[in-house]
Amino acid sequence: MGIELLIFLVLGCVIGLISGLLGVGGGTVVVPALVFFLVSQGVDPELIMKVALGTSFAVVGITSLSSVIAHQRRGSVVWPVVFLMGIGAIIGVAIGSRVVSMMNNFILQLFFCVFLAYTIINMLRTASKKEADSVSGVPKPIYLGAGGIIGFISSFVGIGGGVMIVPVLSKIGYKMKNAIASSSAIGMFMAAAGATSALINGFGVENVPEGSVGFVYLPAVIGLSLTSVVFAPIGAKLVYILPVKRIRQTLAGFLTIILVVFIYNNFV
């Protein structure tokens, strides 16, 4: 368990930086890492993705909270948008998580690969995009609906939705720092709903890994969160220093490696 804890602690550093820098909770890193770990532990194949997704939501929620606090100190969080999209996201995650609990492992892994590929392409496509001069007038129901759709999709991949939220808010006209900060806050609510759903949907399920509560694997949550909450504020500070373009390009390359390894380990 000592080596496992060390791995989780190191991985938590990466997750924290990604969360603070890009407004995403790091689920795109957590899920593949947990799948690899759970496979090595001989966990029931049909439970691997469900536990990975539920655990990812718990970690994302804790990490996002740390990011939000750091961004809020700079006044970058747009709370009216957060609450509108957050309400929709919570509903979407609750519905999606119930669907996930009834799906088989292969389909969930396939969905994750497709989404990760989309994430990589989107990061590269938007890396050089210029910021808008003003915020467009968008009706409140649109924010609610967008949050609901993003929440539903996120429930299948165990993320805080930042890779979808940030482009949406940027398209509306919010500055990148505001989009990233607000995405962290929305992701916090979304992840809390996802983790709660994982606890409920996995309650009483047999053969989950020892140390799990429902579909949430507590040793990983503790190990990953201990360092992610420390590094998330560091990532949030770097948003105001480093060029976002280079950050997104670098992360896209990193995620490409993760995608290739994930496909090789699970489909080849």
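Backbone N, Cα and C atoms are what each Cβ position is placed from, and that goes for glycine too.
Annotations in TrEMBL come from automatic prediction, not curation.
Features reported for this protein in TrEMBL:
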TRANSMEM  6-39  transmembrane segment
TRANSMEM  51-71  transmembrane segment
TRANSMEM  77-95  transmembrane segment
TRANSMEM  102-121  transmembrane segment
TRANSMEM  141-168  transmembrane segment
TRANSMEM  180-203  transmembrane segment
TRANSMEM  215-239  transmembrane segment
TRANSMEM  251-267  transmembrane segment
Contact set, same chain, for the transmembrane segment (77-95): CB under 8 Å, 6 or more residues outside the stretch: 68, 71, 140, 143-155, 161, 165, 169, 174, 178, 181-182, 184-186, 189-190, 192-194, 197
Listed stretch, out of 6-39, 102-121, 141-168, 180-203, 215-239, that has the most CB pairs under 8 angstroms to the transmembrane segment (51-71): 215-239
Tertiary contacts of the transmembrane segment (102-121), as residues 6+ beyond its ends and Cβ separation under 8 Å: 28, 31-32, 35, 45-50, 53, 153, 156-157, 163, 252, 255-256, 258-259, 262-263, 266-267
Range from 6-39, 141-168, 180-203, 251-267 with the greatest count of C-beta pairs under 8 A to the transmembrane segment (215-239): 6-39
Top Cβ-contact partner of the transmembrane segment (251-267) among 6-39, 141-168, 180-203 (pairs under 8 Å): 6-39
Other parts of the chain folded back onto the transmembrane segment (180-203), taken as Cβ under 8 Å at six or more residues beyond its ends: 19-25, 50-51, 53-55, 57-58, 60-61, 64-65, 67-68, 71-72, 74, 76-79, 81-82, 85-86, 89-90, 93-94, 97-98, 100-101, 147, 150-151, 154-155, 158-162, 165-166, 169, 174, 212-216, 236, 239
